[in-house]
Each structure stands twice: as C-alpha cells, then as structure tokens.
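Asks: My questions all concern the structure below.
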C-alpha cells in the first residue's frame with residue numbers, strides 16, 4: 001500500500017490523541033501519555049498503586065489530580081488501594097496511618113505549604129511518599145510530583161523538601177465588573193458576574209488547578225480602579241461562590257476596596273479614615289464579608305493615585321487609611337495590601353521620586369497586618385526599570401512586590417516576552433540596605449528585616465481567550481511568576497525549561513531552542529522599544545506602539561518628552577544630584593554607582609543621566625551610534641527568534657506552531673515600527689546619520705506620527 | 001486489592017480519555033473512541049483504508065477532518081491509499097479517477113452543495129463512497145458521514161442523497177469592533193480585530209469546521225448597528241484574513257454596511273442613494289472589497305431603523321437604498337440582505353404593522369440580487385410570535401428568514417431553551433399565500449414563488465466563552481439552525497436527538513430524557529414569561545427579567561403597557577378590524593382564523609385580541625385562571641427538567657452535568673421571578689385571587705418592581 005499523503009499521515013500521529021485542535025487551554029497541565037517507551041515502562045513499574053488517605057476537600061482535589069495525571073501520563077488505570085502495599089503513598093501523618101508509620105514527622109517541612117517527596121524502602125519494597133504537615137502541602141507535593149513525571153525526570157532517590165519563601169503569592173486581576181479587563185490583552189474577564197453566584201463553570205476549577213500547581217495561593221478578583229459595588233451583598237455572594245471553587249485548591253480571594261465606599265454604598269457623607277462612623281462602617285462591612293467568606297484574604301487598595309479616592313482627600317496619610325482597614329480585618333486574620341504606586345495632582349519635578357517621598361516617612365507607622373505593595377520600578381512597568389528605591393527603605397514595614405504579568409508595555413499579547421529574566425533581574429538586585437547581599441528577594445521574603453508577613457503580587461495576564469493569556473508564550477509568565485513567588489532563587493532559565501517541557505515537548509533540541517528564544521526575548525523588546533535606560537515613550541493612553549513625540553497629554557508627566565528630554569544636545573533624564581536627585585533615594589552604594597556616569601550600568605544610562613548625542617560611551621561608540629545599534633539589535637533578535645521557531649516545525653503541534661509563527665511576524669513588524677519611529681524621532685534632534693550598513697526606515701517620521709488606531713484592547717473605547 | 005474510592009475510580013474511566021476538563025469546546029465534533037465494542041469492530045472492518053484524491057484547499061480540510069474523525073472514533077490509524085482497493089472512497093468525478101469509474105455522475109445531486117453517500121460493491125468488495133459534483137459537496141458529505149458514525153448508525157446499504165433547500169445559510173454576528181457583542185451572552189466577540197490580519201488562531205478554524213459541519217456557508221462578521229470603519233482598508237484586510245481561514249470550509253464572509261459610510265469614511269456630504277457621487281463611492285468601495293476578498297458575499301443592511309441612517313433620510317425608499325448597493329455588488333455576484341426590521345421616529349398605532357406597511361408596496365421594485373431579510377415575527381424575537389405577515393406577501397421579491405439564536409428574550413445563556421421547536425413552528429406556518437400548504441419554509445426556500453436566490457440568517461449566539469455559547473445546551477441552537485437551513489423538513493425532535501448523541505452520549509435512555517427536556521423547553525419559557533400571546537413585557541433596555549410595568553421608556557412602543565394594555569377590565573392587544581387591524585396583513589384564511597376570537601389558537605390569543613379577565617376560554621377556565629395556570633406550568637416544567645437532569649448523572653461527563661445543574665437552578669429561580677412578578681402585576685388590574693392550590697409569590701409586587709441590576713450582559717454599560 002502506498003501512502004498518499006505523508007504530511008497528513010504525520011499529522012495523524014497527534015490527531016489520534018487529540019481529536020480536536022491544540023488550543024493551549026490545558027496550559028502546563030498536559031497529561032498525555034509519555035512518548036519515551038522505556039521511561040513509560042519504568043514509571044509504570046514504579047507506580048502500580050496509590051494509597052491516599054484523607055477526605056478533606058483539598059485531599060479530594062489532590063486525589064482527582066493525581067489520578068488524572070498518572071492515568072493520562074501512563075495511559076492506563078492505576079488503582080487506589082487502602083493498604084501499605086501501595087507504591088505511591090500520599091498524605092499527612094494526621095490523615096494517613098501509613099504515612100505516620102513510615103515517616104518521622106520531624107522530617108517534614110514545618111511551614112504550612114511545604115512538602116516532602118521521598119523515595120524509601122518499606123517492607124522490602126521501594127516506594128515513593130508525598131507528605132506534608134497539612135493537606136495544602138500535600139496538594140503542592142502532588143503537583144510537584146506530577147511535574148517531575150511530565151518533565152520525564154527519573155523517579156529514583158527522590159528527596160525533595162520544599163518550602164515557599166513567600167507566604168502570600170497573589171494574582172491581581174484588573175478586571176472590571178462589566179467584563180472588560182484594564183490593560184488586559186487576552187479577551188474579557190474570566191468572571192461572569194451576571195451568572196454568579198449560581199454558575200461556576202469548569203473553567204474556574206481549571207483556573208484554580210493552574211494556580212495551585214505553581215503555588216499561587218491568592219487572587220484579587222477586581223481591578224484596583226474599583227467599583228464600590230463589589231462590596232455590596234449581591235457581589236459578596238458572587239465572590240463567595242468563586243471562593244468556594246478556589247478554597248479546596250488553597251486559594252484565598254481578596255477584593256480591591258474602593259476607599260470612598262462608605263459614601264458610595266454606605267450612605268455616609270465622608271470616607272475620612274479617622275471618622276468614627278467611617279471606621280465603624282468598615283468594621284461592619286468586614287464582618288459581613290467574613291460571614292460570606294470565612295477565609296477572605298483581605299483588601300488591596302489603590303488610594304490617592306490617578307484619580308482614585310484616598311485618605312489624603314481628608315488630610316490624612318496612607319498609614320491612616322491602611323490602618324483603619326487593617327483594624328477591621330485584624331480579628332479575622334485578613335491583610336491590607338496598600339499600593340505605593342501614587343502620584344498626586346501636581347506635576348512633580350520627577351515622578352520617579354514620588355512613591356518613595358510619600359512612603360519612606362511612613363515606615364513603622366503601619367499596623368502589623370498591612371503590606372505596602374510596591375511596583376518593581378519607580379515609574380510604571382516599563383520594559384526595563386531599575387529596582388524601586390522603596391525596597392529596603394522601609395525596614396519596619398512588610399513590603400511586597402507588584403510585578404505586571406500582562407504586557408502593557410511589552411507588546412501586549414502579540415509579542416513573545418518571557419518575563420522570567422525581568423523578574424529575576426529585579427529580585428536579584430542588591431539594595432545594599434544592610435550591606436552587600438541585601439537583595440530585593442530578601443526584602444520581600446522578609447529575610448532582610450525579619451518580617452513574618454510576606455507577599456508578592458502579579459498583575460494577571462489571564463482572560464477569556466481560549467489559551468488563557470492570548471499569546472501561547474504568555475502562559476510562561478503566569479507559570480514563572482508562581483514558581484518564583486514560591487522560590488525566588490529558581491533561575492529564569494531553569495523555569496523556562498520546565499515550562500517548555502510541560503507545555504510543548506520533552507525533545508531536548510526543541511527545549512534548548514525555545515529556551516534560547518525565551519531567554520533573549522525581553523532584552524530584544526528593551527532594545528527595540530526603550531534601550532539604554534529610555535522609558536515611557538509609548539503612544540498615549542492605549543500604549544500601543546511608539547510615541548516618543550507625545551508632548552501634550554493632559555499633564556506633563558504623562559508625556560514622553562518629560563521622560564526622555566531629547567533636544568539638539570542630548571537625551572536622558574538627569575536624576576543625579578545635579579538633576580532631580582532621585583538617585584539619592586537609593587542606599588549609598590547603589591546611589592554612587594547609578595549616579596556616576598562612568599559606573600552606571602549602560603542599561604540604566606539614560607534613566608539617570610543626560611548624555612550628549614556625540615558623547616563616547618564605554619563601548620567606544622557615541623551615544624547616538626550605540627542607540628542605533630541597540631534598536632537594530634532588537635529587531636535582529638526577532639529575526640533570530642523567527643529562524644529558531646521555523647526549526648521547531650514538526651517538533652511541536654502544528655496548531656500552536658502556526659499561531660506563534662503568525663505572532664512572531666506581527667512582532668517583527670511592530671519591532672521595526674518601534675525602531676524606525678523612535679530613531680527617526682531622535683534623529684530629528686541628533687541630526688546624525690544612521691551609521692553605514694543599517695537598512696533605512698520604510699517611512700518618514702510624519703508617517704509614524706500620524707498613525708491612528710481605533711479599538712486598541714486594554715482600555716475602554 | 002480493595003478499591004478505596006469507587007466514585008473516583010468511576011471518574012477515572014472518563015479521565016483516561018480526557019486528561020483535562022470537559023469544557024464543551026469540541027461542540028458536536030467529538031471524535032472519541034466508540035464505546036460500543038461490537039460496533040467499533042464492525043466499523044473497523046468496514047473502514048480499513050481511505051482513498052481520497054484531489055488537492056484543493058477544500059479537499060485538504062475534508063481529508064484532515066475525515067482522518068481526525070475516523071482515527072479518533074476507531075481509536076487507530078486508518079491509512080490513505082492511492083488504489084481502488086480502499087474501503088472508503090471519497091471525491092468528485094473530476095478529482096478522482098476511481099470515483100469517475102465507479103459512479104455515474106448523473107446519480108450525483110446537481111446543485112452545488114449536494115452530496116451522495118452510497119454503499120456499493122466494486123471488484124467484489126463492499127465499499128462506501130462519498131461523492132458530489134464539486135469539492136464543497138464532498139466536504140458536506142464527509143461531515144455527514146462522520147455524523148453517522150458519531151451517532152453509531154450502521155454503515156450498511158447507505159444511499160443518502162442530499163441537497164440543501166436554501167442556498168445561503170448565514171450567521172449574523174452582532175459583534176462590535178470593540179469586542180463587545182450586542183445581545184451576546186457568551187463572552188466577547190470571537191474576532192480579535194486588533195490582532196488581525198496577522199493572527200488567526202486555531203479557534204477560527206474550529207469555528208469554520210463547526211459551521212461547515214452543519215452546512216452553514218456564510219457569516220456576517222459585524223453588527224447590523226455598524227461602524228463605517230469596517231469598510232476601511234485596514235478592516236478589509238482583517239476581514240480578508242478571516243475569509244482566508246473560512247474559504248476552504250465553503251464559508252463566505254459578508255459585512256454589515258453602514259448606509260452613511262460615504263459621509264463618514266468617504267468624505268461626501270450626502271449618502272443619498274440616487275446621488276451619482278454616492279453611487280460611484282459604493283461602486284468603488286465594492287470593487288476595493290473584492291480586490292481583497294474575491295468571494296465576498298455581500299452586504300447586510302439595517303437602515304432607517306432604531307436610529308440607523310438609511311435612504312429615508314433623503315426622501316428615498318428602501319428599494320432605492322438596496323438597489324444602489326445591489327448594482328455595486330452585481331458584477332461580482334454579491335448580494336444585498338436588506339432588513340425589514342424597521343420602524344420610524346413616530347410612534348405608530350401598532351408597531352407590528354410597520355414592516356409590512358413599508359415593504360409590501362415595494363414588492364417587485366428590488367434588483368434581482370437583493371433579499372429582504374425578515375424576522376420570524378413582526379415585533380422582535382419574542383418567546384412566541386405568530387409568523388411575520390410579510391412572508392408570502394412579497395412574491396416578486398426573494399425574502400429570507402432572520403432567526404435569533406442568541407436568547408435575548410429567552411433567558412440569555414442561563415435558560416435552557418431549545419429553539420428547534422420555535423424554528424419549526426415558524427417554518428411550518430401556513431401563509432396561505434397561494435392556498436393551503438404555502439408554508440413559510442416554502443416561501444424562503446424559493447419554492448412558492450420560484451426564486452433561485454434563497455437565504456436564511458441566524459443571529460449568532462457565539463462568543464469567546466470556552467463552550468462557545470455560554471449554556472452547554474445553547475450549542476444545540478447553532479447546530480439546529482444550520483441543519484434546518486439545509487433542510488427545513490427535518491423535525492425538531494430528530495435534530496435534538498442528533499445533537500444529543502453527537503454532543504453528550506449515545507445512551508438511548510439518556511437521549512430520550514434529554515430530548516424530552518429540550519422539546520419542552522421553549523414552551524416552558526413561553527409559559528413563565530409570555531403565555532397566551534403576551535409579548536414585549538420584559539425589563540427595559542437590558543431585557544433581563546420581567547418588566548410588565550414598564551410604562552416610560554422614551555417612546556410608547558418601547559414600553560410594556562403599549563403591548564399588553566392591561567386594565568381593570570382585561571388585557572391584550574386588539575389587532576382585529578375593531579383594533580389596529582394588523583390581522584388584515586395576513587392572507588384571508590389566516591386573517592379569518594387569527595381575527596376570530598373563537599378560532600385563534602390560544603397561544604396567540606392576547607397577541608390579537610383584548611379579553612376580559614373573567615371571560616371564559618375554550619378550556620372552560622376564565623382568562624385569569626388560564627393565565628395563572630400557564631405561568632405556574634412554566635415553572636413546573638423547569639422542575640421536571642431538573643428532575644430529569646438528576647437522572648443523567650453518570651450518563652454524561654461530570655463537568656457539563658454540573659454546569660447544567662447549576663444553570664437549571666438559576667433558570668428555576670428566574671422562572672419563578674417572571675411568574676410571580678407578572679402575575680402580581682396583572683393581579684393589580686384583575687383584582688382576582690390565585691386559584692386554590694398555587695403557592696404564593698415570595699415577595700410583593702413592589703419588591704419585583706424595585707429590583708435593579710448593574711452590568712447586565714449584552715449591552716454596553
């Protein structure tokens with residue numbers, strides 16, 4: 001018999017497994033039968049039966065998960081048994097007499113979420129045990145064990161003891177009640193408020209599974225620019241229904257609280273945090289919330305920032321506001337996450353300084369259940385920012401990190417941007433708060449200043465898109481955020497490899513190629529958007545595409561020219577002592593480095609310094625030539641990504657391969673757009689030519705300046 | 001070994017097949033391995049190899065589909081072979097020498113989309129052949145053959161020759177460019193305009209597959225309340241990218257055209273259809289469209305209706321407007337679908353009469369490539385309306401049907417409403433236009449008045465929701481619309497059975513139970529919302545919930561009291577000769593029946609007649625008692641659906657079982673809400689008590705009247 005169509009026959013190999021398209025919906029939780037036959041046999045011989053005692057809600061979902069995973073990965077049913085003859089034994093010493101018999105409970109991690117996975121011999125048989133001091137730890141252990149199998153890691157001599165470095169690992173959804181998502185690029189909100197509380201579709205459970213699998217244990221459901229309606233009873237009932245779905249997976253729900261809610265839904269005349277009626281209103285409201293949601297996590301608050309109401313409206317400070325809410329939450333163990341992303345109505349000489357200026361002096365003034373939530377950098381989630389000077393500057397206050405997973409300034413969900421490298425750059429940054437080694441990671445994990453209350457937040461990039469995040473690679477940022485929240489010491493490369501093997505393939509060549517793409521992807525974007533420390537030069541309002549020419553945006557610190565300050569002489573924001581002196585907000589070792597044009601890392605050059613176009617940099621090139629080089633390198637990196645991706649054809653499923661191929665093409669076009677628009681604009685000041693060998697921009701500056709876009713996602717039109 | 005947890009072990013049976021949740025994404029195109037072992041063996045022995053010659057784009061997708069389906073359903077790879085030894089032979093006489101040899105092409109259906117599936121002996125072997133005169137027919141034949149296998153129908157003595165009754169079978173998407181969907185209850189728009197034309201995710205192909213599988217061959221991408229931007233080049237490029245995905249599946253794209261586009265994007269001062277510049281603008285614009293989309297289908301137009309611009313703004317009539325566009329489209333074979341859903345700025349004595357009044361006199365005045373698109377009833381997609389009097393009244397004009405699949409007035413996507421019975425009620429209605437048997441189906445299939453141009457439209461209920469339509473059962477309305485568009489003679493029950501077996505299970509008890517739920521579901525809604533011919537008594541604007549008391553809505557014919565006219569004496573709209581005389585718009589045989597209070601079907605009673613509360617109906621009960629009875633029966637029907645659904649547990653997957661359980665609970669609550677609110681309101685006029693035996697309403701009328709809802713889906717907030 002002659003095969004008619006080889007390509008179709010090849011296609012078929014996948015199709016027998018998936019009788020529908022490969023959509024990305026399953027994320028990294030893919031439990032398809034293991035292809036490596038030898039490994040499959042080995043695993044099958046190692047896992048012949050499972051003993052998993054305990055019937056708590058968390059136990060039940062862990063059981064369901066391990067069953068799905070093992071039966072999927074091994075392609076056969078592995079039975080649950082009640083005896084210690086099982087080859088895989090799961091549980092806590094409390095729930096399982098077998099676990100109690102085979103493990104010394106002192107060997108288990110002491111903290112709530114930790115777990116132990118251990119190979120051991122018992123009754124002359126080799127066994128694997130997954131245990132923890134409580135059910136949540138067991139669930140995390142189960143997910144970790146599944147991950148090992150998905151990544152085809154040999155199950156021998158296992159002795160994995162893990163404990164999360166940060167206690168509260170939280171997603172922030174900027175989801176509005178009307179179903180839109182502010183700065184969301186993956187469809188509409190997951191939360192169907194209209195159908196809640198009655199309807200909690202399967203997708204909510206899958207959301208919880210995905211989060212639990214990477215250790216995320218909290219979610220703020222509503223936008224920080226919030227609507228007080230979220231705190232009314234009908235919406236609390238809806239929130240409670242979501243909490244019920246998430247609870248077995250160890251995920252708490254939180255709400256963004258509108259500071260003026262006592263007026264808007266409480267009928268009071270003021271929201272002054274020192275007003276007894278206002279205090280009482282929040283006490284009563286909080287009590288009410290806990291009646292519906294006994295394990296409610298607490299409030300996230302954006303106050304006195306970008307038009308949101310706050311304590312300053314009443315002459316009070318952020319601590320007054322936060323502490324009022326903290327008092328209301330304290331009896332129930334709830335926390336307040338008070339955002340430091342603030343700037344007031346007056347245009348400052350340097351917006352980068354504002355958060356520090358307002359919060360530094362409040363250190364020590366917050367109640368113990370308040371965290372100050374600080375964005376990774378001092379401006380606003382730019383492709384690259386130096387770490388926020390508040391990290392390390394508030395030793396008496398628990399401070400937490402706010403990363404943005406959704407790519408507001410990094411190409412939306414059309415650009416491939418692996419943010420693991422960015423997260424790590426910030427986490428590993430040394431504040432020198434207590435001398436060398438005082439990394440941001442140590443600050444937020446409470447190690448530096450000995451805080452027990454620790455947290456980290458990621459602004460979610462999740463929406464109604466079939467693949468959750470819009471770009472197939474954007475899932476990696478959700479994954480990596482969770483994993484780094486668990487352990488900031490993981491490397492970005494290691495997590496990229498993990499994610500690729502769970503999401504795409506265990507083919508080593510493919511993993512290596514895709515990893516290369518991911519690891520260079522954020523630097524590529526920095527290069528074609530904002531190299532050498534440039535920042536905030538995107539188009540106005542919707543932030544889609546370049547807009548270095550934006551000079552009229554309602555207020556000066558919303559323009560681009562405020563930040564790059566390009567003129568015929570040079571470019572850059574002087575934040576040294578001769579300028580805004582923002583650099584002084586850092587500890588001396590850092591301030592000295594950043595403030596010295598000879599020492600500052602080139603990547604932060606124009607963030608802190610104003611440089612002449614013709615100044616020679618350490619590379620030996622002039623600033624202008626270096627700028628050009630970076631912009632062109634950015635686009636070239638996308639070329640490389642495209643070339644690498646071509647070689648992945650056949651190594652991963654055709655559906656997602658084609659999607660990424662299409663997206664890389666868009667990214668390439670937009671990278672050129674950024675490069676050409678920015679360089680033409682800056683060239684209008686530098687008056688210098690492109691060095692030889694660079695291709696000319698396709699259009700002139702006017703063309704780029706005149707581009708107009710309707711219906712850009714992420715904002716309300 | 002003792003099994004610990006039987007329930008989990010049972011669960012497992014499904015889980016080995018699906019290592020993730022059952023989301024409904026696969027619709028009715030589920031190709032899981034056949035469970036009936038005997039049948040599986042029989043099928044496997046019948047389909048050992050496939051011969052499918054031809055390499056057109058449509059051939060390729062048909063090949064991909066049959067491979068996916070057969071390999072999935074049989075659980076093994078069936079090879080493609082190039083010889084006539086194949087047991088399944090597919091193709092046209094033109095593309096396949098084997099088909100040419102074994103079939104007399106005269107036996108094939110002559111029309112473009114028809115197909116023939118035939119068992120035959122060849123060279124002493126039993127074979128199955130799928131053939132057609134062209135590739136599109138082959139694709140439809142392939143989908144039909146797959147359906148047979150999915151429904152476990154024996155593949156013996158097949159001789160299925162099918163030809164669609166209606167040529168253009170079209171979805172109307174009321175999707176806005178900002179991603180919202182007007183009256184959409186299944187998430188946001190599928191079309192990611194921002195990422196188009198570059199990004200066409202897998203979901204678009206799945207959308208095309210689903211449509212092609214039920215014979216839908218056209219789609220209007222944008223809302224009838226449209227934005228002229230859709231006709232600009234950037235958006236035409238985006239539309240072209242979608243057209244490219246859909247083309248292999250035989251699906252044409254259409255656009256809603258804004259009548260005033262020549263002003264808004266053309267820079268003209270007028271959109272007068274008789275103005276030479278305006279005509280030329282449309283000619284040029286149409287030429288441009290066909291440059292990008294060579295098989296563009298044509299325009300859908302909502303003109304001079306609910307604020308949309310149209311020819312009447314310039315003193316012209318609907319034919320003038322439609323013909324101008326028709327002239328521009330004619331050279332390319334495009335069509336105009338001109339909506340008859342019109343009412344002008346003046347409040348009429350009876351809005352039900354307006355479409356007929358405006359269009360009847362235009363019969364014969366339209367160009368041959370214009371269709372008048374008429375909603376099924378004269379008001380607006382109410383739970384029940386008598387058929388629109390325009391059907392049969394424009395014999396010289398091709399008229400088409402507009403059904404609404406999205407449940408604007410039938411409980412959104414929270415109520416289980418199988419619309420097959422409603423579609424059939426309308427299609428089977430007898431207009432008596434040319435004597436008895438002049439059904440609406442005959443009118444729109446062109447049989448009654450010998451039109452070659454025929455079409456049917458369904459307002460799509462599709463969105464970004466994981467399961468496409470929000471309610472797992474809402475998919476049935478998409479499915480049934482397509483199947484009835486193909487053949488209006490199919491019965492609603494037959495199509496329900498088909499859909500259940502493809503979507504849920506082949507278990508006969510389950511099919512029978514679920515079918516019962518579906519077949520009674522629309523009548524249940526009519527009963528608890530608008531029994532006995534009541535209509536348009538929903539809440540204002542968002543249409544969520546009851547609002548019989550709405551008496552101030554901007555204009556009288558937007559209120560409820562305009563339609564029910566309840567007072568202390570009675571209720572109902574007198575549309576007989578003593579009233580608005582709308583009944584005279586029907587042909588005499590119908591008019592006589594509807595106009596006679598003794599003959600009118602009770603289901604249309606209050607649509608045409610004003611009845612006293614205490615009048616005795618043919619049932620022997622008073623109107624009031626009958627009204628009460630129907631409202632209570634509606635709720636009781638939901639009780640029954642819930643009871644039936646409980647018995648489906650274990651017969652279908654747990655995920656969708658739970659989702660529907662939750663939705664039925666919401667439906668039950670909302671059914672009671674409708675019943676109690678409406679009856680309390682009408683009781684305030686009738687002053688009559690609930691007959692004995694009926695449970696009392698939970699709240700008083702004021703409670704229901706004071707309910708307020710924010711963020712109801714389907715409208716912009």
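Positions of Cβ are set from backbone N, Cα and C atoms, glycine also.
What TrEMBL records for this protein is below:
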- B:306: active site, proton donor (ACT_SITE)
- B:380: active site, proton acceptor (ACT_SITE)
- B:408: active site, proton acceptor (ACT_SITE)
- B:27-145: domain 'Alpha glucuronidase N-terminal' (DOMAIN)
- B:150-468: domain 'Glycosyl hydrolase family 67 catalytic' (DOMAIN)
- B:469-694: domain 'Glycosyl hydrolase family 67 C-terminal' (DOMAIN)
Asks: Mind giving me a neighbour count for residue B:380 (active site, proton acceptor)? Other Cβ atoms within 10 Å of its Cβ, every protein chain shown.
Replies: 18
Asks: Select the most exposed residue of B:306, B:408, where exposure means the fewest other Cβ atoms within 10 Å, treating these as the active-site residues.
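Replies: Each of the active-site residues B:306, B:408 was scored; lowest Cβ tally within 10 Å is B:306.
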Asks: Do you know offhand how many angstrom separate residue B:306 (active site, proton donor) and residue B:380 (active site, proton acceptor) by C-alpha?
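Replies: The separation of the Cα atoms works out to 12 Å.
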Asks: Using DSSP, how many residues of the domain 'Alpha glucuronidase N-terminal' (B:27-145) fall into helix, strand and coil, respectively?
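Replies: DSSP classes over the domain 'Alpha glucuronidase N-terminal' (B:27-145) add up to 48 helix, 24 strand, 47 coil.
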Asks: How far is it from residue B:380 (active site, proton acceptor) to residue B:408 (active site, proton acceptor), counting Cα to Cα, in Å?
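Replies: That comes out at 10 Å between the alpha carbons.
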Asks: Helix, strand or coil at residue B:408 (active site, proton acceptor), per DSSP?
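Replies: SS state of residue B:408 (active site, proton acceptor) = coil.
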Asks: State the mean pLDDT for the domain 'Glycosyl hydrolase family 67 C-terminal' (B:469-694).
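Replies: Averaged over the domain 'Glycosyl hydrolase family 67 C-terminal' (B:469-694), per-residue pLDDT gives 97.
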